[in-house]
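S.K.: Dropping a structure here in C-alpha cells format, bear with me for questions.
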C-alpha cells in the first residue's frame with residue numbers, strides 16, 4: 001500500500017513543481033515499483049507493457065490534430081470567427097447592452113462547445129475570436145472573468161458529456177476503456193451509452209456554476225482601458241492577418257470544408273472510432289485541394305505535433321497505472337481505505353473526489369488522470385457498493401475536477417491567451433481562481449450527489 005501512496009505523492013509533487021508531466025509520471029512509477037520490490041527491470045517491464053494501452057488514445061489525438069489543422073487551412077474557422085466578430089461589433093452599436101451581453105456569452109459559449117467536436121480546433125479559436133472583441137467588452141464594461149468562465153465551461157463540460165470529437169476520446173476511449181479494463185477482474189463492465197447519463201448531474205453542476213458567475217459573481221461592470229492591440233491578429237493556423245480583413249475563401253472550398261466536418265461526425269458516430277473519422281476528414285480535405293499534395297505531409301505532421309504532448313502524457317499515464325497494478329498492493333489499499341472510512345459511502349465518495357481534484361491540479365490534464373484513478377477507484381467503488389453508473393460519475397468527475405482550475409491546464413491557459421492580449425487579465429486571479437471556485441466546487445457537490453443517487 002505504501003508503494004502506491006508514495007508513487008502518487010511523488011508524481012503529484014513533481015507535477016506541482018512544474019517538472020514535465022511525462023517525467024513526473026515516469027519517476028513516480030519508478031518510485032512505486034522499487035518500493036514494492038519489483039526491482040528496476042521489473043518496474044520498467046511493467047511500465048513498458050502498459051504503454052500500449054495509451055497508444056490508441058494518442059493516435060486518436062494525433063489524427064484529430066491533423067484534421068483540425070487541415071480544416072483550419074480551408075479558412076472555414078477563420079471565416080466563422082470573422083463573421084461572429086463583425087456581427088457582435090455591429091450589434092454593440094445598435095442594441096441594448098443586456099441583449100448584446102447575452103449574445104456575446106451565447107456566441108462565445110457555442111464557439112467553445114463547437115471547438116471540441118464539430119470543428120475540433122480545441123483552444124486555437126480563442127486567440128482568433130477574443131482579441132478583436134476586447135474593444136466591445138471594454139465598451140460594455142464586461143467583466144472578463146465572466147468570459148473566462150464561459151470559455152472554460154464550453155471547453156470542459158463538452159468533453160465530459162458529448163461523445164463526439166474530444167468527448168469521444170475522453171468518454172469512450174479513456175473513461176470506458178479504463179473502467180472496463182480494471183473492472184474486468186471484478187466482473188464490472190459498462191457500455192458507452194451509460195456514460196453521458198452518468199455525467200449529466202456533474203455537468204449540470206458546472207452549468208449552475210457558470211450561471212452563478214454570469215448573474216451573481218461578475219454581474220457588475222468592470223472598467224478596462226482601451227489599449228491598442230496593433231492592427232493584426234492571428235489566424236487559427238498561426239499566420240498573421242489584418243484584423244478587419246475578411247478571409248477570401250472560394251465557395252467550393254467552403255462547401256468541401258463543411259462536407260468534411262459533416263462526414264467526420266457521421267463516420268465517428270457510425271464507426272465509434274475517432275481515428276477513422278479523422279482520417280476520412282483529412283482525406284476529403286486533401287482530395288478537395290484544400291492544401292497541395294506536396295504540403296500534405298507538413299500539414300498532417302504539424303497537426304499531430306500540436307497534440308503530441310497530450311498523447312505522450314496519455315501513454316505515460318497508462319504505463320504508470322500498469323506499474324501500480326503490478327505492485328499487487330491495490331487490494332491492500334482498498335482494504336485499508338475501507339477500514340479507515342468505515343461503511344460510509346458518503347465519506348468515501350467525497351474522499352475519492354477530493355483526491356481526484358488534487359491529482360488533476362498537479363497534472364493539469366483530466367484525460368491523463370483517468371488511468372491513474374481507475375486502477376484504484378474501480379475496486380474502491382465496488383468495495384463500498386457503488387453502482388456502475390455511480391462508479392462512472394465518480395471516476396469521470398474526479399478526473400475532470402481540477403482541469404478547470406489548474407494553472408497548467410489548456411482550459412485556463414486558452415482563455416488567458418485571448419483575454420490578456422492587452423495585459424489587463426491576470427492568469428491566476430482572473431482565470432484560474434474564478435474557474436476553480438465556480439466549477440470545481442459545484443463539481444465536488446454534484447459529483448458527490450451523482451455518486452449517492454445513481
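Each position is counted from 1, following the chain as shown.
Each residue, glycine too, has its Cβ placed from N, Cα and C.
Just so you know, TrEMBL annotations never went through curation; they're auto-generated.
A quick note: this is a predicted structure, and the numbers were derived from the prediction, not measured.
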S.K.: In TrEMBL, which of the ranges 34-50, 85-101, 102-118 has the transmembrane segment annotation?
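M.R.: Of 34-50, 85-101, 102-118, TrEMBL gives transmembrane segment for 102-118.
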S.K.: Which stretch does TrEMBL mark as transmembrane segment, out of 222-242, 306-326?
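M.R.: That would be 306-326, the stretch labelled transmembrane segment in TrEMBL.
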S.K.: With Cβ-Cβ distances below 8 Å as the criterion, list the same-chain residues six or more beyond the ends of the transmembrane segment (275-294) that contact it, or say none.
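M.R.: For the transmembrane segment (275-294), the sequence-distant neighbours (Cβ-Cβ under 8 Å, at least 6 residues beyond its ends) are 56, 59-60, 63-64, 66-67, 70-71, 73-74, 252-253, 256-257, 259-261, 263-265, 267-268, 300.
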S.K.: Restricting to CB pairs under 8 Å, which listed stretch, 147-171, 198-218, 249-269, is in contact most with the transmembrane segment (374-401)?
M.R.: 198-218
S.K.: Run the contact check on the transmembrane segment (102-118) against the transmembrane segment (147-171): 3 or more C-beta pairs under 8 Å, excluding pairs closer than 6 in sequence.
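M.R.: These two stretches do touch.
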S.K.: Quick check: do the transmembrane segment (306-326) and the transmembrane segment (58-81) share at least 3 Cβ pairs under 8 Å, counting only pairs 6+ apart in sequence?
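M.R.: Contact between the transmembrane segment (58-81) and the transmembrane segment (306-326): present, because at least 3 Cβ pairs are under 8 Å.
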S.K.: For the domain 'Na+/H+ antiporter NhaC-like C-terminal' (150-448), what is the mean per-residue pLDDT, to the nearest integer?
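M.R.: On average, pLDDT over the domain 'Na+/H+ antiporter NhaC-like C-terminal' (150-448) sits at 81.
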S.K.: Same chain only, please: residues at least 6 beyond the ends of the transmembrane segment (58-81) with a C-beta under 8 Å from a C-beta of the stretch. Say none if there are none.
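M.R.: For the transmembrane segment (58-81), the sequence-distant neighbours (Cβ-Cβ under 8 Å, at least 6 residues beyond its ends) are 111, 119-122, 124-125, 128-129, 165-166, 169, 173, 235-237, 241, 246-249, 253-254, 256-258, 260-261, 264, 273-275, 278-279, 281-282, 285-286, 290-291, 299-308, 310-312, 314-315.
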S.K.: Using a cut-off of under 8 Å between C-beta atoms, tell me which stretch among 124-140, 147-171, 198-218, 249-269, 346-367 contacts the transmembrane segment (436-453) the most.
M.R.: 198-218
